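Notes to accompany the following structure.
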Amino acid sequence: MLFFTQCFGAVLDLIHLRFQHYKAKRVFSAAGQLVCVVNPTHNLKYVSSRRAVTQSAPEQGSFHPHHLSHHHCHHRHHHHLRHHAHPHHLHHQEAGLHANPVTPCLCMCPLFSCQWEGRLEVVVPHLRQIHRVDILQGAEIVFLATDMHLPAPADWIIMHSCLGHHFLLVLRKQERHEGHPQFFATMMLIGTPTQADCFTYRLELNRNHRRLKWEATPRSVLECVDSVITDGDCLVLNTSLAQLFSDNGSLAIGIAITATEVLPSEAEM
C-alpha cells in the first residue's frame, strides 16, 4: 500500500510539472522569450546553521529539508554551455578587497555548505557540474519560480549567460522575523566588483495590469549572496505582494541585463 501511495504521488508530481511547462509556454511563447521553470530547494546551509543555534532550545521543532531542485528550460539553444569569460577579465582588481590577486574564491552556491575553493574562471563549471545549476542564455529571459507556498528557508537559483559573462540569479524565501517570510531576489556577476559595475540588471513582475520593476547594478559573487540579502540591496517582497504577482503558486520574473559601459579589454578588441 505504501509503495502504491509513493508511486501515485510521483505521478501527480509529473502531472503538475507538465502543467507548469505548458503554462509557461502558453504565457511567454508569443513574446519569444526563453523561459525556465525552477523548482525550489530548501537552503541546507541556512537550515544547518539554524539547527546549530537552536540545539539548546528544545521547544523549537527540527526541520527536515526536502524537495530537490529541478530546472526545466524552454528554448532550442538552452542545452549549449558556453564559457565566454576570458582569463584576463577575471583577475582580482580591488586591492582593498583582495590583497593577493591569486587568492581563490569560495563556492558561492547559497544552497549548500560547500568547502570548494577555486579561481573565478572555474566557478561556472563548478556550479554546473557539482551543484547542477542550469544556465540560460539571452539578454532577456523569464524565470518561473514554482511552489512559492513552501515554508522558508527555500531558494530558487539559476545562472544567466549574456554579454560574454555569467550571472547568478538567486530568489530566496527567508524569515527575518519569525512567522513573517519574505522573498529576496538578486542578480550577481560571476566576476570582480569592477566588472559588475559595468552592468545593470532589471527584474520585472507583471500580472493583472500591475507592474513592479527593480533595477540596479549587480554585486559580485565575491561579496557573498547572504550579505547582499542582509543589506537589503535587492528586490524584497512580502508574502502578500508576492501572492499578488503569482499565478497558482508560481512567480514569473522577467530578467534583462544591459552593459552600462565598455569593459577595458573589450575596448582594446
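Yeah, the Cβs are placed from backbone N, Cα and C, and that goes for glycine too.
Here the structure is a predicted model, which means the values were calculated and not measured.
According to Swiss-Prot, the protein has these features:
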BINDING   Cys107, Cys114, His126, His131  Zn(2+) binding site
ZN_FING   61-132  zinc finger
Cβ packing number for Cys114 (Zn(2+) binding site), 10 Å threshold: 15
Integer mean pLDDT for the zinc finger (61-132): 53
His131 (Zn(2+) binding site) CB neighbourhood, other CB atoms within 10 A: 17
